[in-house]
Structures are given as C-alpha cells and as structure tokens.
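Novice: Got these off TrEMBL a minute ago, pasting:
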| type | residues | note |
| --- | --- | --- |
| TRANSMEM | 20-45 | transmembrane segment |
| DOMAIN | 39-290 | domain 'G-protein coupled receptors family 1 profile' |
| TRANSMEM | 57-76 | transmembrane segment |
| TRANSMEM | 96-116 | transmembrane segment |
| TRANSMEM | 195-219 | transmembrane segment |
| TRANSMEM | 239-260 | transmembrane segment |
| TRANSMEM | 266-285 | transmembrane segment |
Amino acid sequence: NRSNTNPLPFLLMGIPGLEALHVWISIPFCFMYIMTLLGNSMVLLAVRLDKSLHEPMYYFISMLAVIDLIFSTAVVPKMLGVFWWDSREIGFEACFIQMFFIHTFTAVESGVLLAMSFDRYIAICNPLRYTIILTSSRTIQIGLLSLARGAGVMTPLMCLLTSLPYCKTRVIPHSYCEHMAVVELACADPSVSDLYSIIVATLLVGTDSVFITFSYGMILRSVMRLPSQEARLKALRTCGSHVSIILLFYVGGLLSMYLQMFSFGVAPHVQVLVADFYLIVPPMLNPLIYGIKMKQVQEGIFKLL
C-alpha cells in the first residue's frame, strides 16, 4: 500500500535462469563495453583534432558516437554490477532515469540516422549545393532538434509510468529497467502508457524509416545514372557504412521489441539476452564500421594514434 511519494527500490534479476553463469556472461559484455568506450572516443577525438574532418557528415558521425557512449553507459555499468557483485537493487527514480535515457537516445539516434541519409542524398544528388544547404551551424541545429524531439516525446511517457502505483513484486526479470518488464509490475491499468508508447514508437520509427527509404531510393536512382561503373561503385561505397548502421539499428530494435511484446515461445533468458545485445552490440560496432568503411575516418584515427 506504499505510495510513490516514498517508493521502494526495484531489484534486477540479471538474466533469468542463467544466474549461475552471470560471471562468465559478464566477460563478453565487459569487453564490448570497453571497445565501445575506446572506439567512440577515438572517433570523437579524430573528428575534433583533424580539421579535414570538420564537415557535416563527420559531425553526424560524432553525434552518433556521443549517443552510443551515453546509451551504453546508462545501462552496462549497472548490468555488470548485477553480474559481478550481485548488486541488484536500483532506486525507483534511478530506474526511470535509466529508462528515460534508453528511450530518449534511441529516438535521438533514429533522428541522427535520418539526418545522415539526408546528408548523403544532398551530397550525391545535389553536390553543387551541398555546402550551402548543410552548413556547420545547420548540422548542429539538426542534432539539437533530434535531441529535443527525443526528450519531448519521452517525458510524457515517463510521467505516465512514474504515476502508476507499483505494489506488486519489486523484482524486474531483466538486466536493466526495460519498459515492458517494469510496467508489468504496476497494480493499475497501464493501457494509457502502453497506447502512448506504441503510438510514439510507430510514428517515430515509421516516419524516419519512410524518409530514409525515400532518400536512399533517390540516391540509388541517381547512382544508376552515373556514366562510369567506377563512379557508381564509389558512390555506393560512400553510403555502405550508413546502410549497415541503419539495418543494425532498426532490425535489432524491432527484433528486441517484438520478442518483449510477444514471446513466440522463446525462453525468457533468450529474450533478455537479445535485448541486452541490442543495447551493447550496435554502440560497439558503429565506430568499427565507420573506421573500416570510411577511409577519411580511418586516416584520422591513425593520425590520432
């Protein structure tokens, strides 16, 4: 009967059914987190120190690196605490702050990926006006707009969730404060928050996906009109890394979301592992993909080293 004015903390289970293997599971998780910190920090330093990378495309890459650092740091340290020291308790406010960061920066990353597709569309389809349309100040404005959009749509959701009474068990069968796992602990009808989250997720992901698909459709049409095969391959390679990031982000996110909503007979520990890897693997791979695919970033990192 305790009210949310002085709420009790939650308890994270880690990976249900695999508690005995937590120490072993933590090894790849810790390695991926270290790689995330090193890779994204090197990308940020390379873009910051190499003046040849002071262009809109590399500013967007820097934004992606910052998002990945915040995204993973909001989740992994607490997750490792659960695995290593059985530090399962997480405060009521801390739980929803973690959830806010996860959802907000997921929305921000979607906005930055949309901006990057627009960047590639202008660079390939209208190269003569590229420097006029995408200035440094406009690039920063786009990044701030993505942040404002993410925070703006997630703040009402957090208000709805924190207003619910949580008088059932305090145990969250997950490695972090996953939205659906927390809502199941509420002893009131969460249909309003569920409806809001579904509408927001559908509008954000759906709208961004449509515009990204349209951008790359126009890019592909322009590339196919180029006179030489070498020019076509060069243009396609330029966009290859961005397409890889988009597929990793959206396909992984949809898989994780649907497994949480509909179990499809999948074991609970598999659902939790998929959700965990979605928060850890893309932030680790993003700088590796850009470092491998984009020669300019690779050279900038070599200069930094």
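Note that the numbers count up from 1, one per residue, in the order the chain is shown.
Cβ atoms here come from the backbone N, Cα and C positions, even for glycine.
In TrEMBL, annotation is done automatically, which means it is predicted and not curated.
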Novice: Apart from its near flanks, which chain residues at least 6 from the ends of the transmembrane segment (57-76) lie with a Cβ under 8 angstroms of it?
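Specialist: Same-chain residues near the transmembrane segment (57-76) but 6 or more away: 29, 33, 36-37, 40-41, 43-44, 47-48, 98, 101-102, 105-106, 108-109, 112-113, 115-116, 119-120, 123, 136, 139-140, 143, 146, 175-176, 245, 279-280, 282-284, 286-287, 290, 294, 296-297.
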Novice: In the same chain, which residue numbers or ranges, 6 or more beyond the ends of the transmembrane segment (239-260), come under 8 angstroms Cβ to Cβ?
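Specialist: Those are 64, 106, 109-110, 113, 116-117, 120, 124, 178, 180-181, 201, 205, 209, 212, 216, 219, 266, 270-271, 274-275, 277-278, 281-282, 285-286, 289-290, 292-294, in sequence order.
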Novice: Using a Cβ distance cut-off of under 8 Å, indicate which of 20-45, 96-116, 266-285 has the most pairs with the transmembrane segment (195-219).
Specialist: 96-116
